[in-house]
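Positions annotated as nucleoside 3',5'-cyclic phosphate binding site by Swiss-Prot: 471-595. Taken from Swiss-Prot, the feature compositional bias 'Polar residues' covers 656-668. The domain 'IQ' annotation in Swiss-Prot covers 607-638. According to Swiss-Prot, the feature region 'Calmodulin-binding' maps to 587-602. According to Swiss-Prot, the feature region 'Disordered' maps to 656-678. If you look up Swiss-Prot, you'll see 1-81, 137-170, 225-245, 386-678 marked as topological domain 'Cytoplasmic', on the strength of sequence analysis. Residues annotated as topological domain 'Extracellular' in Swiss-Prot, with sequence analysis given as evidence: 103-115, 192-203, 267-364. According to Swiss-Prot, the transmembrane segment annotation covers 82-102, 116-136, 171-191, 204-224, 246-266, 365-385.
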Amino acid sequence: MGYGNSRSVRFQEDQEVVHGGESGVKLKFKINGTQINNVKMMSKGKFLKAKVLSRVFSEDLERVKTKILDPRGQTIRRWNKIFLIACLVSLFVDPLFFFLPVMRNEACITIGVRLEVVLTLIRSLADAFYIAQILIRFRTAYIAPPSRVFGRGELVIDSRKIAWRYLHKSFWIHLVAALPLPQVLIWIIIPNLRGSPMTNTKNVLRFIIIFQYVPRMFLIFPLSRQIIKATGVVTETAWAGAAYNLMLYMLASHVLGACWYLLAVERQEACWRHACNIEKQICQYRFFECRRLEDPQRNSWFEWSNITTICKPASKFYEFGIFGDAVTSTVTSSKFINKYFYCLWWGLKNLSSLGQNLATSTYAGEILFAIIIATLGLVLFALLIGNMQTYLQSTTMRLEEWRIRRTDTEQWMHHRQLPPELRQAVRKYDQYKWLATRGVDEEALLISLPLDLRRDIKRHLCFDLVRRVPLFDQMDERMLDAICERLKPALCTEGTFLVREGDPVNEMLFIIRGHLDSYTTNGGRTGFFNSCLIGPGDFCGEELLTWALDPRPVVILPSSTRTVKAICEVEAFALKAEDLQFVASQFRRLHTKQLRHKFRFYSHQWRTWAACFIQAAWRRHRKRKYKTELRAKEEFHYRFEAATARLAVNGGKYTRSGSDSGMMSSIQKPVEPDFSSE
């Protein structure tokens, strides 16, 4: 099997290829799939004839210079979607041929020539896609059934085998679907038939269109399955999937409406023929063709006959059944756009109501048509509701899961009798987590992906954020990638305490969005309070870094020297203690002085100690200055008074110095992290 960086392609032996020569001979092929001639024999010095390459893996097909297409390739995927649209257009166009017969007020039937020309052009264009599908299938490889390897299998690229397999499977169905039968019939065959052209047109259209419509309709289902197998779905979005299923339902209404129109025309003509049989002395069937309007015999008969009056549903002369509405509303003689939408509405109405409002006559064909409407409506309506529910639920499924989980949480809090403030905090956290993640479990999603893809996604999400942390801005990309892999998202609502002073620190947080308040009382010391604001790009929990850098690892986690509280909604990435140990081992590769300086500068613990140290030094400086000024004044007084004053000054010095030393002793210097190389 070939790989991305390889210059050669290894192909599996094809059991279906006829081998020439004796066994044990190795055949070599170029990268384009051609055979290297003059292959040396092992011992006999003979030569083999060229061996035809017949199988290849999918990823190697692009390297082989061949016109065979990969059934799982991007080209076939795009063509399948285009052909699916062409099939749907064809299924929409074919029933429109049923609207060709048009009835006129002169009790005659004609053919709509303009509609006939338009439908012929559109149908011919749709037939071209079916012909293209046949040609593409002859050039599309297939998976050899006995050669499946890790669920993929080898592609058979021998054109003769592909053609043989296609001819013995679905070729004939595609051929029947691609034949331009309606065009040939209405333009060539029907005009040359004996008998009534209108009768021939109606009968031929009814049988030929249905005969060719069935295979065209069944081609959609394997094509949809093939698209789903290749891409996972027919449509990329839920609304498109719902529209696709609704379109199939409308297509069924369109077909039923067209059939109802053609049957209504036949029922109207049957009434005329029945009346003509009564008036058989002066009436002939050929009078019902509009090309006979100028016939004197027809004109005299039409003036004498009352056929236009008796062939109406209200006269009770003939049973029109479910087609009486078409005669009463003069649909059969209306313009095409008007009768089409009326028939579409009739089909949709009766398909949705399962034909409950249909009042049929005693004709067996009419009753059978009503049964088909009821059965088809029941099946399609169930499929439509089920499929649309499946597609639409995909957009609201996570929201519904969150609502169920929230209901369970409310029941649990009520069962445990949590106080109102805790309940409100839980509700607030759930709401914020939903708004931030939309119910997607990011960790589970990332874990299911391959390592390389997971690393790239983590890099995209976290790399720039980690780079903004001053502690990491000097690290190389490999080390930053290692950190990004181990970062986990964390969410905090307003008022949440991330860590309290004196509690063990089990994670280090890097802030993405939001602000936190970090303060300390130096272990509860009276009168001592230090506070600072932590924002995006800052971090907290640096005590864990000192613990992780300790060359002598300790199981006990360090205690926090500060209390960190979220003052608004906060998004952050967390490094757990065990992950930080790995990151800490990478820190030792950096320059010690540079990293120590950055760590001290950005650590709030070190900032607090430095502020107290500077404050104590400033106080000592002021005391020394005050002592010098006081000593200069006392030189002008008597020695006794100077000695007394000097003694008083020294006593006050010791008292105040004791206070400064007590302050410094209470603020312990933070432990220095070990950045030395091991």
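From the backbone N, Cα and C atoms, a Cβ is placed for every residue, glycine too.
Overlay of Swiss-Prot feature records on the structure.
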| residue | record | DSSP (3 states) |
| --- | --- | --- |
| Leu487 | nucleoside 3',5'-cyclic phosphate binding site | coil |
| Asp503 | nucleoside 3',5'-cyclic phosphate binding site | coil |
| Tyr519 | nucleoside 3',5'-cyclic phosphate binding site | strand |
| Gly535 | nucleoside 3',5'-cyclic phosphate binding site | coil |
| Ile567 | nucleoside 3',5'-cyclic phosphate binding site | coil |
| Val583 | nucleoside 3',5'-cyclic phosphate binding site | helix |
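The transmembrane segment (204-224) makes no contact with the transmembrane segment (116-136), as judged by fewer than three Cβ pairs under 8 Å among residues 6 or more apart in sequence.
Sequence-distant contacts of the topological domain 'Extracellular' (103-115) (same chain, six or more residues past either end, CB-CB distance under 8 Å): 96, 186, 197-198, 201, 265, 268-269, 272, 287-293, 302, 307-308, 311, 332-333, 336.
For the transmembrane segment (82-102), the list of distant contacts is 109-112, 115-116, 119, 122-123, 126-127, 129-130, 132-133, 182, 186, 198, 201-202, 205-206, 209, 212-213, 216-217, 219-220, 223-224, 227, 234, 247, 251, 254-255, 258-259, 261-262, 265, 332-333, 336, 339-340, 343: same-chain residues at least six beyond its ends, Cβ to Cβ under 8 Å. Counting same-chain residues at least six beyond the ends of the transmembrane segment (116-136), those with a Cβ under 8 angstroms from any Cβ of the stretch are 69, 76, 79, 82-83, 86-87, 89-90, 93-94, 96-97, 100, 171, 174-175, 177-180, 182-183, 186-187. The predicted model assigns the topological domain 'Cytoplasmic' (137-170) a mean pLDDT of 71. Annotation for the binding-site residues Leu487, Ile567, Val583: lowest Cβ count within 10 Å of the residue's own Cβ, Ile567. On its own chain, Gly535 (nucleoside 3',5'-cyclic phosphate binding site) has Ile511, Gly514, His515, Leu516 as residues at least 6 apart in sequence with a Cβ closer than 8 Å to its own Cβ. Cβ crowding, taken as the number of other Cβ atoms within 10 Å, peaks at Tyr519 among the binding-site residues Asp503, Tyr519.
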